[in-house]
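Taken straight from TrEMBL:
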| type | residues | note |
| --- | --- | --- |
| DOMAIN | 8-80 | domain 'IGFBP N-terminal' |
| DOMAIN | 83-149 | domain 'VWFC' |
| DOMAIN | 238-312 | domain 'CTCK' |
Amino acid sequence: MFSSVPGQGQECSGQCSCPSAPPRCSPGVSLVLDGCGCCRVCAKQMGELCTEKDVCDPHKNLFCDIGAPISRRIGVCTAREGASCVFGGTVYKSGETFQSSCKYQCTCMDGAMGCVPLCSMDIRLPSPDCPMPRRVKVPGKCCEEWECDSPYKDTLLGPALSAFREEETYGPDPKMMRENCLVQTTEWSACSKTCGLGISTRVTNDNHECRLEKQTRLCMVRPCESQMEQSIKKGKKCIRTPRVSKPMKFEISGCTTTKSYRPKFCGVCLDGRCCTPHRTTTLPMEFKCPDGQVMKKHMMFIKSCACHYNCPGENDIFEAMYYKKMTGDTA
């Protein structure tokens, strides 16, 4: 419950009254604790009005600028000092959000850009009524939609190849047949970031309802700003799968793992090759937040990496590396 001061915005009182379920925020908008420490809310974005209760997005380095006089209670979300970004010949301020195309919404964060897809990334697995699903471009629409093909299409070159899907399936495996359900699971996608904490996704119907659902896990290919080149032995060109020397904790949005780990990471090469995860496993983890909340997440742990020349372009933030596959995951 919050008291409202006319003309001054909302202030916090001693009582909290939150909805039963947190709100669903737009792509790229953080779900945060309100300024009163009561409820989970969608953070205010650059240029939006803010109050003591309605906080600005901390993950985009925004703050509530109330200006003068000091007695004012309503402000505007403004970016803290940070490096700007240049994309497509346009300069964007740190904290500014923009659409690079109809498919992506991006945010400039101190010289670096992060983007989220605006189109659905759902995966449709083969089924008896749709044995060969594929995405097709629909005239007048930005996002592709699913279409069902027959198993074979006659062409001048013979039967057409199967349509490419963003994630291939492992199955179906006859041994995974349950009552009225043929269990199928896609491979995990590659990590969304080449360094630092990212996410990896897969789709499965391995549940009691035999219903397709997307699963996510945290992942870290390597720490950012790591000096792995210094660890390459004399006469060698790569360090493939180094393990950290001391136990470490992972952190996400201010929340830290309750346990310490000694993970393996993918290394680097001196001859232009890049190293990416090859064999991985998935383990449960607990994160404890400053407000006492405990989050349970799954995380990718690397078993081995492969070094190759199939590397993404340095400045291509939409590189298809996100959809390259890892093999041999045991979870």
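Including glycine, each Cβ sits where the backbone N, Cα and C put it.
Unlike curated records, TrEMBL annotations are generated automatically.
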### Message
For the domain 'VWFC' (83-149), report the average pLDDT of the model, please.
### Response
80
### Query
DSSP says what for the domain 'CTCK' (238-312): how many helix, strand, coil residues?
0 helix, 43 strand, 32 coil
